[in-house]
């Protein structure tokens, strides 16, 4: 089993597009990724083979850059994917941690 740990530095995220570009690169979303939250959900929930651990360091910096409301929408989506993955086998799960 291959475990993928992805660390993103929140200081490098100045916009939602920055986040999408970074995740698309680190998780190899491919050329057809839609760069929006619906596409992110689809990729994380259906297409990215687990286990994957996403660690979002300096998340407060991202929150400040994105705005609290938008950051909450994005972080909620990531947590929902993690919670939905609890029904999957451990070797297939996505987890997220904000630091």
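Positions of Cβ are set from backbone N, Cα and C atoms, glycine also.
Computed from a predicted structure; not experimentally measured.
Here is what TrEMBL says about this protein:
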DOMAIN    6-85  domain 'Barstar (barnase inhibitor)'
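The domain 'Barstar (barnase inhibitor)' (6-85): residue composition by secondary structure is 51 helix, 10 strand, 19 coil, according to DSSP. Across the residues of the domain 'Barstar (barnase inhibitor)' (6-85), the predicted structure has a mean pLDDT of 95.
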